[in-house]
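Visitor: Quick one: the structure is below, questions incoming.
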C-alpha cells in the first residue's frame, strides 16, 4: 500500500478533470441520467476478482505459452513490485496483440482451425500478455489499477490496465470503469508490427462491444448486461469534429491533460478571457475595439495552441521513432550477443562432444580388453573344469569299482555267515536230538534201576518184617545177624558193583559229549577253510 502512494498523488488531478469533462459533456448533450464515477471514495481498496482466480480467464493456449516462455520464467520472475513491472511495460511493450508478428502459421486455415478462438497452433506469446499475467500474479489493489489506467508516461501502460479490468472484473462493473475514458483521444498502435493506430476511447468501445481481440477472446458478458452497455454507448456517440466554445473547451481540457502528463509546457501562456477583457476595458474606453482585440487575441491563442499541438505530435513521433530505433538497436545487440553466445556454446558443445567421443572410445577399448581377458579367463576356467570333471570321473569309476568289490565281499561274507548259521543250526538240531535221545535212554535206565531198587527194597522190607514177626524174642540176635549180613562181603560186593556201573555210565556219557564237541570244532574249522578257498577262487576269476 505504501509503495503505490507516489504514483497516485501525481495522477489525482487528471482523474478529476476527466470526470468533470464527462459530466459537462453529458449536461451539454442533454443526457439527463446521472452516471457513476469510475471509483468512489466509499469503495474499499481491495479489488475483487471475477471468474477463474488461477488462469485470469485467459485462453488455455495463451496461458500455457506464457507459463512456458523463458521471458516470464526468468526475467519477470525477478520483478517483485508493482513499480518494477510498470517500468518493464514502459521499456518493452510496443503493441497489445497476444502473439508476436509472424510467430503463428495460420495461412490456409479457416474456422476453428484458423486460430480465431485461440485453439490453433501456438506461437511466441507477446511481452504485453506476459506482463499482463505478471500483474495478475501481484493481486493489484483498486488504487494500483487506477494508477495504471491514468498513467502519463506511456499509453501501453494504460492499455494493459484496461485489459486487466476487462479480464478480471465483473461484467456489471465494466461500464463504471470505462465510462469516463470513452472519449479519450490518446493514440496507440495495438497491432504487432504496426499498422493499426487507434485511440484509448476506440479501444475501450471495442472492449465493451466485441468479444474478439485479434486471435483471442475476452470473457463473455451476459446478455442483459451487454444490452445495457449497448444502450448506454448509443447515448454516447463518438465526436469527431467540435465547433464553437464546446470545441475550444474540449481542446483546453485536452491540452491541460497533456501538460499534466508531460513535463514540458507549451510556449504560449494560458490566459482566461475574462482577465483580458477586464484589462482591455480599463485601458480603452471603447467597448467595440476591446471586443475586436479580444477576438484577435483569442484567434492568436487558438493558433498558437494548434501549433503547440502539432509540435507535441511531432515530438511524440520523434520520441516514438527514437524509442523504436533504440529498441531495434537493443534487439540487434541482443541478437548479436545471443548469436555470439550461441557460437560460443556451439564451440563448447563441439569440444564437449569430441571429449565425450574420446572418452567413449577409451571406454570401448577398455571394454574390449576386459572382454578379451574375460574370454581368456573363461577358457581357462573351462579347461580347468574339464580336467576336474575328468579327474572326478576317474575317481568316481575307481570308487565305483571299490564299492562294487566291497559289495561283493559283503555278499560273500553274508553268504558264509548264512551257511555257518545254517550248519550250526543243523548241528544244534542234531545235538538236541542226540541229547534228547540220550536223556530218554538215561531216563529209561534210571527208571529201570529205580524200579529194581524199589523192588529190592520192598523185598528186603518184607523179609525184615517177616523176620521181625518171626523172631520177636530173638531181637538182639536178629539185629546182630542183620548187622553181620549188612556188613557181609556179598553185600559190599553188590554195592561196589552198582557204584562201578554208575561210574562207567558217566564215563560213557562224558566221552560221547567230548566226541560231539570235537566233531563240531572240526566242522567249524573246515567250513572257513572251504569259504576262504571259494573266495580266493572268485577273486582270481574277477
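Just so it is clear, glycine is given a Cβ too, placed from its N, Cα and C backbone atoms.
Since this is a predicted model, take the numbers as computed values, not measurements.
The following feature annotations were taken from Swiss-Prot:
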type	residues	note
COILED	292-323	coiled coil
COMPBIAS	1-12	compositional bias 'Polar residues'
COMPBIAS	13-24	compositional bias 'Low complexity'
COMPBIAS	243-255	compositional bias 'Basic and acidic residues'
COMPBIAS	256-284	compositional bias 'Basic residues'
COMPBIAS	291-327	compositional bias 'Basic and acidic residues'
COMPBIAS	328-344	compositional bias 'Basic residues'
COMPBIAS	345-418	compositional bias 'Basic and acidic residues'
COMPBIAS	419-448	compositional bias 'Basic residues'
COMPBIAS	449-466	compositional bias 'Basic and acidic residues'
COMPBIAS	479-492	compositional bias 'Basic and acidic residues'
COMPBIAS	499-522	compositional bias 'Basic and acidic residues'
COMPBIAS	530-542	compositional bias 'Basic and acidic residues'
MOD_RES	2	N-acetylalanine
MOD_RES	5	phosphoserine
MOD_RES	288	phosphoserine
MOD_RES	290	phosphoserine
MOD_RES	318	phosphoserine
MOD_RES	320	phosphoserine
MOD_RES	471	phosphoserine
MOD_RES	473	phosphoserine
MOD_RES	479	phosphoserine
MOD_RES	523	phosphoserine
MOD_RES	525	phosphoserine
MOD_RES	530	phosphoserine
REGION	1-24	region 'Disordered'
REGION	232-542	region 'Disordered'
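Can you tell me where each of these features sits in this structure?
Guide: Residue counts for the compositional bias 'Basic residues' (328-344) under DSSP, split into helix (H, G, I), strand (E, B) and coil, are 17 helix, 0 strand, 0 coil.
Assigned with DSSP, the residues of the compositional bias 'Basic and acidic residues' (449-466) fall into helix, strand and coil as follows: 18 helix, 0 strand, 0 coil.
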Visitor: On a count of neighbouring CB atoms within 10 A, which of the modified residues 318, 320 is highest?
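Guide: That would be 320, with the most Cβ atoms nearby.
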Visitor: What does the DSSP secondary structure composition of the compositional bias 'Basic and acidic residues' (345-418) look like, as residue counts for helix, strand and coil?
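Guide: Secondary-structure breakdown of the compositional bias 'Basic and acidic residues' (345-418): 74 helix, 0 strand, 0 coil.
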Visitor: Give the residue counts of the compositional bias 'Basic and acidic residues' (291-327) per reduced DSSP state, in the order helix, strand, coil.
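Guide: Tallying H, G and I as helix, E and B as strand, the rest coil: 37 helix, 0 strand, 0 coil.
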